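Working notes, structure below.
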């Protein structure tokens with residue numbers, strides 16, 4: 001009996017292997033590895049990126065530029081060491097042509113080198129640190145979101161344009177928080193009455209809010225992603241500060257936090273390259289399709305991942321397949337696709353040149369909340385690091 | 001302006017201290033009476049917040065949600081005691097730490113499976129919304145005052161329970177010498193179970209009370225657990241009175257330190273250096289305090305007499 005089972009199993013396996021082999025020879029599908037954060041407190045951001053990318057692939061009929069595509073999703077758990085293991089798995093075991101990810105800049109620092117060393121293409125749909133925008137730029141590395149500083153720069157510009165003279169800065173005490181404060185100050189020339197750096201992950205802001213109330217600044221600038229932002233926004237509201245001190249923020253009120261902030265976020269400001277209510281070709285259809293499939297309003301994370309898939313689609317088609325990497329890279333650089341945010345081009349450092357907007361919060365007809373465009377702040381705006389990059393030009 | 005800021009921050013510190021006390025009270029009893037290290041105590045705080053969320057959205061009223069969350073947290077605590085903790089009382093501390101740490105991982109993941117990973121939110125009850133004017137031009141959120149009031153109420157209730165009831169007497173006796181209490185014919189296992197369930201309910205109450213001001217999310221109790229241990233070490237293990245005072249001290253030192261460390265240093269340093277040093281020193285203050293207390297009074301401020 002055992003011998004029979006063993007023979008049978010061996011025969012089946014052999015058969016499977018043969019079919020797999022012939023299958024591979026006949027179609028030669030393209031493989032894309034998506035590595036994003038799918039567990040931990042920031043999981044909802046990674047889920048948006050994964051879903052946005054998958055939505056695009058589904059709409060394209062499971063193909064990119066006419067080539068069948070297989071998407072392999074990996075979870076980096078927001079831990080650099082885990083991300084390194086997973087991305088090595090994507091490269092060595094799955095042998096992907098393109099890696100799309102990650103969400104967080106510190107994860108990008110961990111996976112950038114292994115992907116570059118393996119000579120694969122890396123496209124970041126969200127993280128855009130300054131580290132790879134200047135002298136360390138790389139022909140195989142693209143960013144489809146923004147350079148991180150730019151979003152904070154928008155808020156500095158807004159504060160300057162509105163004539164605010166005294167601004168209070170409240171950011172978490174880690175690299176991105178300090179970068180955020182520096183980005184804000186690039187265009188803001190008034191007085192910074194105080195810069196408070198809170199512990200990363202702090203959830204009760206009562207002490208800081210009392211200080212803000214006492215200082216009576218013209219505006220508050222803050223960067224509190226995820227759960228921190230949910231708490232800050234609601235406590236700011238409860239402390240009765242919302243109507244008295246304008247709330248300027250980056251990554252603090254967006255589609256990933258609005259389901260928990262709801263009414264409390266109304267009247268607060270953010271900065272982004274896009275909003276669900278934007279009147280660009282295909283945007284309304286994208287938002288409707290995303291809501292229908294996932295039951296949530298898509299945020300910038302979903303939009304950027306969707307754009308990344310569309311960029312790849314156009315590039316693979318122009319390059320006539322994914323086999324010739326040089327041709328594919330050249331085609332990606334032209335960025336000849338319709339971005340949901342309208343204008344989109346790659347700078348010489350392969351970070352985007354695009355428009356930036358001031359956004360606020362509105363309630364949709366279906367009762368859900370979303371960001372919406374208030375005004376354009378920057379037009380065709382590149383980052384300040386591009387001049388240090390020796391590529392292209 | 002400065003005096004009112006100090007006053008508001010003092011209230012903030014009190015409110016934080018009260019929440020710490022609610023968590024630490026159960027922890028100190030379980031540690032003191034049962035000599036049992038329960039790292040999963042912070043998870044019970046989280047569970048309380050999730051129960052408050054679930055029942056509030058089910059009934060549509062925070063008051064009812066809170067009333068239902070309390071017995072639910074109690075039952076959950078008793079369930080954990082019967083399933084896991086009961087089998088660990090005779091084991092050494094390392095095994096207790098490992099097992100209860102496992103429960104943290106399990107329950108943090110568990111709430112994610114049931115409620116998802118995004119932060120959830122509980123609305124502030126209608127009549128406690130907004131702020132009260134304390135001073136000309138100064139506001140304090142009504143709900144936070146309510147937390148202070150509720151916490152003081154619980155502290156008073158605990159004081160009466162522990163000092164003037166038979167159960168409280170047994171608990172105090174158990175904290176001093178559990179073996180002797182058992183030898184005198186008291187069912188010590190049952191006493192342990194009650195203490196444990198009560199501690200879980202207090203932590204759950206703290207979680208439910210903060211649900212409207214903090215977001216309800218997986219792992220929300222992990223940071224507070226460390227502070228709660230600092231509180232019971234400073235207060236003296238097993239002492240409710242010590243836990244109360246130590247919690248208020250920690251709450252005040254942490255809050256006032258975060259606000260004023262930079263300002264105080266500015267008196268004798270240049271402003272740039274003062275704010276950098278202040279930022280670095282503020283989170284350390286409570287641990288410096290703990291080290292000082294351990295140095296001068298190794299058994300805590302109010303040690304249980306043995």
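Glycine too: its Cβ is placed from the backbone N, Cα and C atoms.
Sequence-distant neighbours of the transmembrane segment (B:12-32) (same chain, 6+ residues past either end, Cβ-Cβ under 8 Å): 38, 41-42, 44-45, 144, 147-148, 150-152, 154-155, 158, 171, 175, 195-196, 198-203, 205-206, 209-210, 221, 224-225, 227-229, 231-232, 235, 237-240, 242-244, 246-256, 304. Under the heading transmembrane segment, TrEMBL lists B:12-32 (among others).
Per TrEMBL, the feature transmembrane segment maps to B:39-58 (among others).
The transmembrane segment annotation in TrEMBL covers B:64-85 (among others).
Proximity of distant same-chain residues to the transmembrane segment (B:97-122), defined by a Cβ-Cβ separation under 8 Å and at least 6 residues beyond the stretch ends, is recorded for 37-40, 42-43, 46-47, 49-50, 52-54, 56, 62, 65, 80, 84-85, 88, 91, 211-212, 215-219, 222. What TrEMBL lists as transmembrane segment is B:97-122 (among others).
TrEMBL lists B:142-162 (among others) with the feature transmembrane segment. Outside the transmembrane segment (B:142-162), and at least 6 residues removed from its termini, the chain residues within Cβ reach (under 8 Å) are 11-12, 14-15, 18-19, 21-22, 25, 124-125, 128-132, 168, 171-172, 202, 205, 209-210, 212-213, 240-241, 244.
What TrEMBL records for B:191-214 (among others) is transmembrane segment.
Feature annotation from TrEMBL assigns transmembrane segment to B:226-256 (among others).
According to TrEMBL, the transmembrane segment annotation covers B:277-296 (among others).
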TODO: Sort out the residues at least 6 away from either end of the transmembrane segment (B:191-214), same chain, that have Cβ-Cβ distances under 8 Å to it, and list them.
DONE: 19, 22-23, 25-27, 29-30, 33-34, 41-42, 44-53, 56, 62, 65-66, 69-74, 76-78, 80-82, 85-86, 89, 122-125, 141, 143-144, 147, 150-151, 154, 167, 170-171, 174, 181, 220-221
